[in-house]
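Chemist: Can you read through this structure? Questions will come right after.
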């Protein structure tokens, strides 16, 4: 870029009435300091110009090529030293940039209020202009640019991309079309736009993330892809070479209206003993996830008898504007169309009773709304799994609030169920890792649903729609049941002694014993903690390692609590 030497630039950025006619490059350090000091005095009370000037002076005196003026709430910039090559002015309140600037190779202006950019330095290699919500277009890009991050702006078009570009991150804009992609491009992140088609992919591409667009087709994929995300588009078919991608590649095709034929073909191909392709994440779709929600009170009252609907509606109208109320309304409507709702006797009454409990507890309602927040994004089995989780939330809340204070047997039964579900989640997580074509929701729900009776899981639905695509076999279920019972026999009492609801009961019903246990814990930590951590680090040869010290400290803390709370639990349950 040319040296800054126009008077209007200095007046607009420094507020000076008179300024030297010499170019910035020729001004001495004293002149720089004078200009910056005047600029600092004329700033608003919210700007941290004094700190900015301090950093500018250090940069000038040391000839440091990197200048960081981020997070200072600056609304304008003073003249900058010409020797700097990397400039970070992110997370300020700038609405424009000067037309002239140093010969930068790296520029970070993300998190400002820019609505237009000046001509960019021709030597620029890396540019970050993300999170400028009013920025709708870009100037011509420098010829040697290698990395462009323009995430979450309001861009509607992109200029021609330089051939040197290797990284392009433009998620969360308003793009409907992309220009030709450079042949060296390795990372393309363009999720959350309005794209209906994509240009041909360069073979150099390693990471392709184009989720949440309006794509109806996908061209042939580069064979060296390491990550592919095309979730939440309008794809009904996939390129044939998707199954020939490397085995280490993660592929996400969930949220697309893929035909049953396509899904069955993929499942058949990926289940072959000879398959060595990528792991593919998908979701079963029933075509309802984009339906509009209705008012919360209407969705709730539909679960109640007609003679109660007026009173229920009046109560729930008060919750219409609570966080996640809209998605909770949609969840209730989707829940009514699940297999369990249609086939399980008393299901409607069960839901109505649960809704009454939610209306009486703001804390439980808040927790439940949050649990249901993402439940309608996929198929009805996601809704069913969410219903399982909501019933768990209710029971744990009731236990913490005292429902089982006088019924230790019922609390133990609830604890056993929560323990079994936790183990099943571990088993499901391990199973997901072994599958090449997987909908995680179906795997998690399959273990709960198919073992609900044998493991006495009162919170689990008894039917699911898409068990056939879960990949969970009869042998998996037998192995899981045996593992749950074995771990329950060996681990449950230790787990229960650390369970939060059990602690809440002890605080209320065994206050003196609880206080003694807490005192014992703190005495042990005060007298033994440091030495036990030091001994553990010494034994492993990691003395002085901060990360190892944190890990050892957490282990000692858990062992201490395990010892004390297990002793207390044994005494109370004896």
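Here the Cβ of each residue, glycine as well, is placed from N, Cα and C on the backbone.
When I checked Swiss-Prot for this same protein, it listed these features:
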type     : residues : note
ACT_SITE : 379      : active site, glycyl thioester intermediate
DOMAIN   : 295-574  : domain 'NEL'
REGION   : 1-284    : region 'Interaction with target proteins'
REGION   : 285-292  : region 'Linker'
REGION   : 293-574  : region 'E3 ubiquitin-protein ligase catalytic domain'
REPEAT   : 63-82    : repeat 'LRR 1'
REPEAT   : 83-104   : repeat 'LRR 2'
REPEAT   : 105-122  : repeat 'LRR 3'
REPEAT   : 123-143  : repeat 'LRR 4'
REPEAT   : 144-165  : repeat 'LRR 5'
REPEAT   : 166-183  : repeat 'LRR 6'
REPEAT   : 184-205  : repeat 'LRR 7'
REPEAT   : 206-223  : repeat 'LRR 8'
REPEAT   : 224-246  : repeat 'LRR 9'
REPEAT   : 247-270  : repeat 'LRR 10'
Chemist: Which numbers of helix, strand and coil residues does DSSP report for the repeat 'LRR 6' (166-183)?
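Modeler: For that range the per-state counts are 0 helix, 3 strand, 15 coil.
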Chemist: Let me know the model's mean pLDDT on the region 'Interaction with target proteins' (1-284).
Modeler: 88
Chemist: In the same chain, which residue numbers or ranges, 6 or more beyond the ends of the repeat 'LRR 8' (206-223), come under 8 angstroms Cβ to Cβ?
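Modeler: For the repeat 'LRR 8' (206-223), the far contacts come to 171, 186-198, 200, 229-242, 244-246, 252, 255.
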Chemist: Quick one: DSSP breakdown of the repeat 'LRR 9' (224-246) into helix, strand and coil?
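Modeler: Across the repeat 'LRR 9' (224-246), the residues distribute as 5 helix, 3 strand, 15 coil.
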